[in-house]
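Everything below concerns the one structure shown next.
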Amino acid sequence: MASWGLKSCSEDESSSISRSSIQEARQSRLISRQHGVSKHSGDRFIPNRSAMDFDMAFYLLTQTRKEKEKAAALASHPGQTYGKLLAERLLPNRNRILAFQARPPASSSTAEETREISRSADRILDAPDMTDDYYLNVLDWGSRNILSIALGSAVYLWNGTDGSTWELTRAEDDLGAAASVSWAPDGRYLALGLNGSDVQLWDTDSQRLLRTLRGVHRSRVGSLSWSNHILTTGGKDGKVVNNDVRIRSHVVHSYRGHRGEVCGLRWSGSGRRLASGGDDNLVHIWDLRRASTATAPRTSQGPWIHRFDKHASAVKALAWCPFQSNLLASGGGGNDRCIKLWNTENGTCLDSVDTGSQVCSLLWSKKEKELLSSHGFGQNQLTLWKYPSFRKIIDLTGHSSRVLSTAVSPDGCTVASVSGDETLRFWNVFGSPETTKRSPPKPPPDLEPFSSFSRIR
């Protein structure tokens, strides 16, 4: 016990001596600084480590995460306020040296990464006898990478893989000329809506007319849209008709709500809802489950789900969003010039932008949240928009007349546009293909390619 008491006394004495030594050293440094002399001053590029507490720094660096979380929890407790203030008073200048901290938040000013988009067309083909009619839909690109286009009295096919072109059919008179074209989902069968009210179905592999649907409309059929085996047709008579091409009595549903020509038709990706636009400035949303075999009266109590009347001109441009099933984009003609976004669940208009010119067609990107529009008089341009901000990304110019129709390639990258200037242009708008698609079959060898269409300007 005695020895323990001697040892304790010795430690106390040593501790008091050490504290007095530290105080003398501090006073000495203070006097030296006052006289402009410091033995412990460091070089201007080397920090003065005499002011650092390495023991505290080592503890903070090696402290485990659980200990840190526990300490933080205790520090945040109301009962620990006094202890925290006491620690700050007794332990001043306990700076953390090289201590790990949480990652700083990402800067909001970071520039958005954008891909390179060429302002000029990758390829330009001649399109003679192109009918400059806003209400027609004469361009479509099938799933087997074959593009169809109606020019004058003839319909031509262009192979996107090898660039070959051939004539599918030619009408004997104006009544037999195509006013609209649309590929079936399999990319083999092509539907033609004719000026004389008939609808034709073609097998493009055998170059053979399979069937003619008669008595569907009383005037030209300017719009078409497929949903599996259902071919929906829109006519100048204001009717929208569902045709089941597998059966003899093909008319299965008929809608009546437009008072003018139906110039826009689009089935949603699910095949459950149909959007129609007309020359009466209206957009209707129809539900296949509520369709009736009887023609609905022309009243406000029609079988449509929603009736949008916010456009001030004909509505031809319609596009369902591929990543948001209830979102529809619509574009108005020359007196309207607006692109509107609709929520087809509750019927509200989500946004509207005045583009400054006639909106002829709309295409959503399959890869990015972007919308492409084609326009009429003014710049006759294609404009790429960012969704949902509606920020303009780029204008693509080159056509000297309004861009009547657009179609996107099966890989979702290339956009084809046809104009009243009698040119068909291809634009690399939506990036590069990720995978190589299977090559579609070549046309029969006995058919001569249409030379004037394969010439590149």
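Heads up, the Cβ atoms here are built off N, Cα and C, so glycines get one too.
What TrEMBL annotates here:
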- 15-29: compositional bias 'Low complexity' (COMPBIAS)
- 125-427: domain 'CDC20/Fizzy WD40' (DOMAIN)
- 1-44: region 'Disordered' (REGION)
- 432-457: region 'Disordered' (REGION)
- 171-212: repeat 'WD' (REPEAT)
- 255-296: repeat 'WD' (REPEAT)
- 396-429: repeat 'WD' (REPEAT)
The repeat 'WD' (396-429) - residue tally per DSSP class, helix then strand then coil: 0 helix, 19 strand, 15 coil
Residues in the repeat 'WD' (255-296) grouped by DSSP into helix, strand and remaining coil: 3 helix, 19 strand, 20 coil
Within the repeat 'WD' (171-212), residues counted as helix, strand or coil by DSSP: 3 helix, 22 strand, 17 coil
Local confidence of the prediction over the repeat 'WD' (396-429), expressed as mean pLDDT: 97
